[in-house]
Amino acid sequence: MLYIVGLGLGDEKDITLRGLEAVKKCDKVFIEAYTSLLSFGISSDGLSTLEKLYGKPVTLADRETVEERADQILTAAAASDVAFLVVGDPFGATTHTDLVVRAKKLGIDVKVVHNASVMNAVGACGLQLYHYGETVSIPFFTETWRPDSFYEKIQKNRALGLHTLCLGKKQYEPPRYMSINTAIEQLLEVEHNRGESAYNEDTMCVGLARLGSEDQKIVSGTMRQLQSVDFGAPLHCLVIVGKTHPVEEEMLDFYRHSEENNHGTV
């Protein structure tokens, strides 16, 4: 049996009871290492926080292990119970869908234990989840590579009055996580080059940092205002606000930008 277990967003305590039960009865436990594990005890001290909670060793599966050497995980799952742990929800990344497909083709039973992910936790800012359009990924620009394919998606969402969740595309070597400030800087550069008025410096947005953690930070304001906010440690995401309902506006007011929240936790 292959158990794919979501760990949630905050820290090691966010695993569900069902997920913890699954992990404790598995012979081998793997954890993905290519999304943020900063708050899960994955540091220079290794996997000590998780291993202490689970009472058993945890094997770090880097991006290549999961995508190219999934056979190791699947071979183990064919012979015994194996858990594959995922930060957020198991289906927050297409790699995990691929793992399920490969397991099923090999006749391996799969059980999925869901948890919170950025896709639903973003509702904390007060914008209603069914008012979102297509989510976009924003990669880090380089001197020679400055893609803007996300621009049309934002444009379409805004034409329909829908909100847009913008996620930074993670860079693996060396590991980098996109800040809200960098995302806005790149978004404005693309708008300047395209000049099609999909958004501008005065467009309302919401910046969210460390969603689900004790020190999560949420600030609403214009792109210009959010550029000056120190959102602190990763992970960050940005919402470009579409047409708002009065209830959404009331919630956004709680997180409205001010000089006080430039540095503090909101």
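Cβ coordinates come from backbone N, Cα and C, glycine included.
Since this is a predicted model, take the numbers as computed values, not measurements.
Here TrEMBL flags L9, D89, G92, S117, V118, L211, H236 as S-adenosyl-L-methionine binding site. Among the features that TrEMBL reports, domain 'Tetrapyrrole methylase' is placed at 1-226.
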Mean of the pLDDT scores, which run from 0 to 100, over the domain 'Tetrapyrrole methylase' (1-226)
90
Among L9, D89, G92, S117, V118, L211, H236, the annotated S-adenosyl-L-methionine contacts, find the widest CA pair distance and round it to a whole Å.
17
Just how many other Cβ atoms lie inside 10 Å of the Cβ on V118 (S-adenosyl-L-methionine binding site)?
19
Which ones in the same chain are close to L211 (S-adenosyl-L-methionine binding site), with CB under 8 Å and 6+ residues apart in sequence?
L9, V118, A121, V122, A124, L235, C237
Inside 10 Å of the Cβ of H236 (S-adenosyl-L-methionine binding site), count up the other Cβ atoms and send me the figure.
23
Which residues, sitting 6 or more apart from S117 (S-adenosyl-L-methionine binding site) on the same chain, put a CB under 8 Å from its CB?
G6, L9, G88, D89, G92
